[in-house]
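Each remark here refers to the structure printed beneath this line.
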Amino acid sequence: MVVKVGINGFGRIGRIVFRNAVEHDDVEIVAVNDPFIETKYAAYMLKYDSTHGQFKGDIQHSSSNNLTVNNKTIHFYQERDPANIPWGKHGVDYVVESTGVFTTTEKAKAHLSGGAKKVIISAPSADAPMFVMGVNEKSYRPDISVLSNASCTTNCLAPLAKVIHDNFGIAEGLMTTIHSYTATQKTVDGPSHKDWRGGRTAAQNIIPSSTGAAKAVGKVIPALNGKLTGMAMRVPTANVSVVDLTCRTEKPVTYDQIKAAVKAASEGELKGILGYSEDALVSTDLNGDPRSSIFDASAGIALNDRFVKLISWYDNEWGYSRRVLDLIAYIAKVDAGK
């Protein structure tokens, strides 16, 4: 079952979702919309990427404002209003909303006017239900038309937190994500009225920042609601981030028991989502890793049998984008009654 998908917003995540779709047998991108990028430039940006390298395939653009990728036509539009994008004309059932602008149910559902059946927001949402693959996707219902794939950090933290809580219980915890810089940050110091630190040069500074990723885990794992919170440190790396979860467990546990539980989950029900490694990893080793969370067994520590620090890596671009497509493939099967 191949699902026809459209992408609104051909920025960082939009393009990485497209690249992942080429490797995803269940999903086919048939249309893209971005009002700020003309087709010729879109072809260039898709072909060349400073972080993930050159596109593995053939990309052409035509005078008819379409892209041809691996001999398949991708219809390209430049509509500012999502309601005007003719998704239905191309058989698009599911739209990836990756502009970062239309992140509420009310705004995102404008895509339905163009013929789309469902909208998947590739960002946290204030009101749309959030789903994290491997954690709560089974709570999806076919009557939901707008949903969120949460954030890259929530996708890293939630599977790990689920394993720890299911096996040993989490009484409370604090998370810090050491996060690569992103497009919202500055190349040189500049004005940022809501976040003064966020206006400082990304490539020169370690910048403390806020994140709702830990609290969002409480939305996808209700038993952890109110038990987790966290912050971010934006660091001068282009890609790959790492979660530090420091938590108090409800049951006494050794670090070896935690390692065994995570390893078992990574080889079982969370295979392909949660990884496990005892290698001496550094961030670039995870560039291009399609998993949501890669537990670093040799980096964590335990103070005692109820207080531990756990470390898990994630490619905040590639791994997250792969989950967007996995979520679409999953809900498509549910919608089809399979």
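Keep in mind that glycine also has a Cβ here, set from the backbone N, Cα and C atoms.
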Listed in Swiss-Prot for the D-glyceraldehyde 3-phosphate site shared with S151, C152, T153, T211, G212, R234, one of T182, T187, T249, T254: T182
Identity of the NAD(+)-site residue among D26, D34, D296, D335 (reference: R12, I13, R80, N316, source: Swiss-Prot): D34
Least surrounded among the binding-site residues, given as R12, R80, T182, R234, when other CB atoms within 10 Å are counted: R80
Residue among recorded positions C152, H179, T182, T211, R234 with Cα closest to the Cα of N316 (NAD(+) binding site): C152
Alpha-carbon distance [T182 (D-glyceraldehyde 3-phosphate binding site); R12 (NAD(+) binding site)] in Å: 9
Residue among recorded positions D34, R80, H179 with Cα closest to the Cα of T153 (D-glyceraldehyde 3-phosphate binding site): H179
Conformational class of T211 (D-glyceraldehyde 3-phosphate binding site) under the three-state DSSP mapping: coil
